[in-house]
Amino acid sequence: MAGEKSENNQIEKLMDAPVEFFKDGKQFLSKCKKPTGSEYSKIIRAVGFGFIAVGVIGYAIKLIHIPIRYVIV
Amino acid sequence: MAKFSYFITVRLIDVVKPFLPILPEVELPYEKIEFDDRVVYTIFSGLIYLFAQFPLAGIPKDLESNVKDPIYFLRGVFAAEPKTILEFGIFPVIASPLLLQLMAGLRIIKVNFKIQQDRELFQSLTKLFAIFQYIILSNVFIFSGYYGDSLTIAQIFLLNIQLVGAGIFVTLMCEVVDKGFGFTSGAMVINTAVIATNLVADTFGISQITIDTEGHQEPQGSLINLLQGVRAKHKTFVGAIVNAFNRDYLPNLTTTCVVVAIAMAIGYIQNIRIEVPVRSTRARGMNNVYPIRLLHVGSLSVLFSYVCLFYIHILGFILIQLIGKNNADSLICKVLGHYEIVNNILYVPTFPLSSLAPPKSLFGGILEQPISFIAYPLFIVITGIWFACNWQAISGQSARDIAKDFKDQGITLTGRREQNISKELNKIVPVASTTGAAILAAITVLGELLGLKGKAAGMVIGIAGGYSILEIVTLDYQQNGSGSNLGQVLSGQFAL
């Protein structure tokens, strides 16, 4: 009987863990400072610009690969 | 028991010792590297990697193997390009330090990081483990028949040289960046560069690919496909637009939109932080805030989940293909499932291995493998949170480490006693890490369940990596970039 009870408790604990985690996270998020609109657009512009620039250079390199493929294989 | 574990630890580190003379090593820079040079090192290591994706020599050009690509949905995360010398990308380079550091942090292998010799041995062990994985993976793929069934010994030798050689090269290139010649870590730089390139190729790619037996061609890039489709004579206007959003053999616009949305979301989440008020202990009235961000462990949690997935699927591939020969009647395949060939290039696992693979498409997936929609998200979220929970404590960014930094810099939390800093921070850092990891995992899963085949996870890691690189470069520029030529050229672009 006692064993059954502790088992039940354990299961309950296991079920509670995600709920607890979710609650903690939500509370944490409400305390957090979110980026403002101008901050956000600045970041998106900087990261986006860098990302696309590197991507375009990288793609140019991949285009060079196409003729190389024909030579090697 | 203690003696036994001691015995094991000694052995694990000492395993490297006989290899030390032949293990190539990058020297630490003798003098401080200029800002411009570091930027060049960083960018070029990414570009060299892209250039190094040569096709494998020694396999027939029109190879028709029965064994297709079993890890297609993991490639986007590890910059792995199929049928090139970088078949496994930087997976070993990422997995090796991640796992070994985690094991050292959890005291499974004991390393005393205060002793220089131990540190050096540990570093060599990491490198050796990475190269070892390249060797194992190469031979698993070679002997599975992935490169053709009847390979001669010369071909096997040639493939080994290429795959392992490229692996060693990449390992060393990452080491160059890691050791202070570049910014952040080599793996992160390479990953970001490759993911950025793939995004551009999938959106603006102009290379024409034959799609049907009639010889119709469509471009790789989704946006270019839309423009070309609207002008094409053999398609109606509406048909072209529908095709641009719907085609599943090449990147479509829907995928592109989802990927961009993920990028925007990550950009936003990167900036969520909690600002702890701090004051100087040396000067009165110097008040400031110290940000602790939501993504305290960055995208490493997603990477860790994918490292686990990679190991599981490679193990599955070894068991099913190498031992079970992918024969649906054999015992192994009855227990683990087998592979089915899809689109003539993909090797899609069946149940139960499929439950840890993201579905190929949303609607097809719900009907065919409903369990994936539960098991796969659970796996990613739980491994992510578990990793974040442990990693924040051992990575040198734990509450204790930040408290020590505070002390060194002469700052303290406003309204708290100096002894309590660590305790106070310990209420914030673990929650931030795990919550951040859970959110990242959720975004990854959401994207993957829409059928992005690894692009969602790739994008999460790529944007998070790009953001950290940019942040560290900007920080270094503010400190050391006064004489930088690059800075003058770009000063108009980045007003961060």
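Heads up, the Cβ atoms here are built off N, Cα and C, so glycines get one too.
Quick caveat, the model's predicted, so the values are computed rather than measured.
The annotation transmembrane segment is assigned in TrEMBL to B:39-59 (among others). Non-local neighbours of the transmembrane segment (B:39-59) in the same chain are 33, 79, 81, 83-87, 90, 147-148, 155, 158-159, 162-163, 166, 169-170, 173-174, 176-177, 181-184, 186, 189-190, 192-194, 197, 469, 473, 486; each lies 6+ residues outside the stretch with a CB under 8 Å from one of its CB atoms.
Taken from TrEMBL, the feature domain 'Translocon Sec61/SecY plug' applies to B:47-81. In terms of DSSP helix, strand and coil, the domain 'Translocon Sec61/SecY plug' (B:47-81) has 12 helix, 2 strand, 21 coil.
Per TrEMBL, transmembrane segment is recorded for B:88-108 (among others).
What TrEMBL records for B:128-147 (among others) is transmembrane segment. Residues 15-16, 19, 23, 56, 59, 63, 65-69, 87-88, 91-93, 95-97, 99-100, 155-156, 159-160, 163-164, 167-168, 171, 314, 317-318, 321-322 of the same chain, all 6+ positions outside the transmembrane segment (B:128-147), place their C-beta atoms under 8 angstroms from a C-beta of that stretch.
Taken from TrEMBL, the feature transmembrane segment covers B:153-174 (among others).
The annotation transmembrane segment is assigned in TrEMBL to B:181-201 (among others).
Within the chain carrying the transmembrane segment (B:249-269), a Cβ under 8 angstroms from the stretch's Cβ atoms is held by residues 199, 202-203, 205, 209, 211, 218, 220-223, 225-226, 294-295, 343, 436, 439-440, 443, 447, 450, 452, 455-456, 459-460, 462-464, 467, all 6 or more beyond its ends. As annotated by TrEMBL, transmembrane segment applies to B:249-269 (among others).
Beyond its flanks by at least six residues, the transmembrane segment (B:290-320) meets 70-71, 74, 77-78, 91, 94-95, 98-99, 102, 137, 140, 144, 269-278, 326, 332-333, 336-339, 349, 353, 356-357, 379-380, 383-385, 387-388, 391-392, 395, 397, 402, 406, 411, 425, 428-429, 432-433, 435-437, 439-441, 444, 457, 460-461, 464-465, 468 of its own chain at Cβ-Cβ distances under 8 Å. Residues annotated as transmembrane segment in TrEMBL: B:290-320 (among others).
The transmembrane segment annotation in TrEMBL covers B:373-394 (among others).
Below 8 angstroms of C-beta separation, residues 73, 258-259, 262, 265-266, 269, 274, 276, 292-297, 299, 301-302, 305, 358-359, 362, 365, 373, 376-377, 380-381, 384-385, 387-389, 391-393, 397-399, 402, 456-457, 459-460, 464 of the same chain, each at least six residues beyond the ends of the transmembrane segment (B:428-450), sit close to that stretch. Among the features that TrEMBL reports, transmembrane segment is placed at B:428-450 (among others).
Summarising the annotation, TrEMBL assigns transmembrane segment to B:456-475 (among others). Here the transmembrane segment (B:456-475) has long-range neighbours at 39, 42, 76-77, 183-184, 188-189, 191-192, 195-196, 198-199, 258-259, 262-263, 266-267, 270, 295, 298-299, 302-303, 306, 440, 443-444, 446-448, 450, 494, 496, meaning same-chain residues at least 6 beyond its ends whose C-beta is under 8 angstroms from one of its own.
Across the residues of the domain 'Translocon Sec61/SecY plug' (B:47-81), the predicted structure has a mean pLDDT of 83.
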